[in-house]
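Here is the structure we will look at.
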Amino acid sequence: MLIKRNSNGIDLPFASEITPRHVFESRRDFIRKLAVGSIAGGALLEMASREAFAASSTAQKLVAQPNPAYVVLDKQTSYKDATTYNNFYEFGTDKESPARYASAMKARPWTVSIEGEIKKPMTLDIDSLLKLAPLEERVYRLRCVEGWSMVIPWIGYSLSELIKKVEPNSNAKYVEFVTLADKEAMHGLNRAVLDWPYVEGLRIDEANHPLALLTLGMYGEVLPNQNGAPVRIVTPWKYGFKSAKSIVKIRFVKDQPRTAWNLAAPREYGFYSNVNPQVDHPRWSQASERRIGEDGLFTKKRPTLMFNGYSQVASLYTGMDLKKFF
Ligand SMILES: Nc1nc2c(c(=O)[nH]1)N[C@H]1C(S)=C(S)[C@@H](COP(=O)(O)O)O[C@H]1N2
Ligand SMILES: [Mo]
């Protein structure tokens, strides 16, 4: 297959060369059905027209270099599970709502304003973000505080690349991420579950840790809306809620940011929220987790690992009591 790339790393295939993943998968499924002889002439016709329709899909591919230093070997979560079982409360609080409603959000055009204690405040659009550093594919575990986890091939680059560019001054002790709060597109904002907009934050040294990923895509494509299009953070050693979706503002600040979940329930969700099997949530154990896609009556839960298995971050917390700073 011939692929033309523009300078953003987005490939520009000719229309006839596009094979969106769902077409590819349905084709594979079709071949399988054909093999077991369960498909009739009528269904064949239906398949053909479905393909013609799907060929005009706009799911934009992203070319990224796999970075073997950041690839967990666990089996990857299926694209379907990763895009239909989500937490994105702006679109409703149940797991299916983001996939159902997030298409109302317009992920382009989009700008991210970078402000606060930095020498070079700037507003970047998505094309500039895509060009800021070489795109890498990294397969990370993501562990939700609710007790489930996924393994996702993300696309992006270390957040430190962006931080370097804006030149923080010595007052920049924390980084705050402010996400989209658009009442028109996000019906979840009508309910005061959280104090909107959803805000998250990291200490500056956490934000500068190479694992912290400024994320623009997953599974070889731009981020689906329900996963936080067009730009989110992924901090895999922390519970999933620290990985703020659909970011519109990044602020460098002196004081620890007041983050959405910490504000809503300070005794349950700390600022740090490092994955820690030894510190239980007040209402449930954090010692083990359910891997999405592995559920079955007899499937064993997996033990949760300290820092979600990312022991390279441990030195960020030397001397800190992680029961107190949970
Ligand atoms: N803006 C925003 N970001 C968010 C959330 C949210 O509700 N709103 N939920 C968080 C939670 S609880 C989790 S577990 C992850 C889920 O990411 P995923 O749906 O891509 O797996 O997104 C996080 N980022
Ligand atoms: Mo979560």
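Every residue, even glycine, has its Cβ placed from backbone N, Cα and C.
As annotated by TrEMBL, Mo-molybdopterin binding site applies to N86, Y89, E90, C144, T179, N227, R232, S243, A244, K245. Counting every protein chain shown, the Cβ of A244 (Mo-molybdopterin binding site) has 25 other Cβ atoms within 10 Å. Classification of A244 (Mo-molybdopterin binding site) by DSSP places it in coil, neither helical nor stranded.
Sequence annotations record features per position, and here TrEMBL assigns domain 'Oxidoreductase molybdopterin-binding' to 106-261.
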Can you tell me which of these binding-site residues sit near ligand 1, meaning the Cβ is under 6 Å from at least one of its atoms: N86, T179, R232, A244?
N86, T179, A244
Among the binding-site residues N86, T179, which residue has the largest number of other Cβ atoms within 10 Å of its own Cβ?
N86
Out of E90, R232, give me whichever of these binding-site residues has the highest number of other Cβ atoms within 10 Å.
E90
Local backbone state of R232 (Mo-molybdopterin binding site), from DSSP in three classes
strand
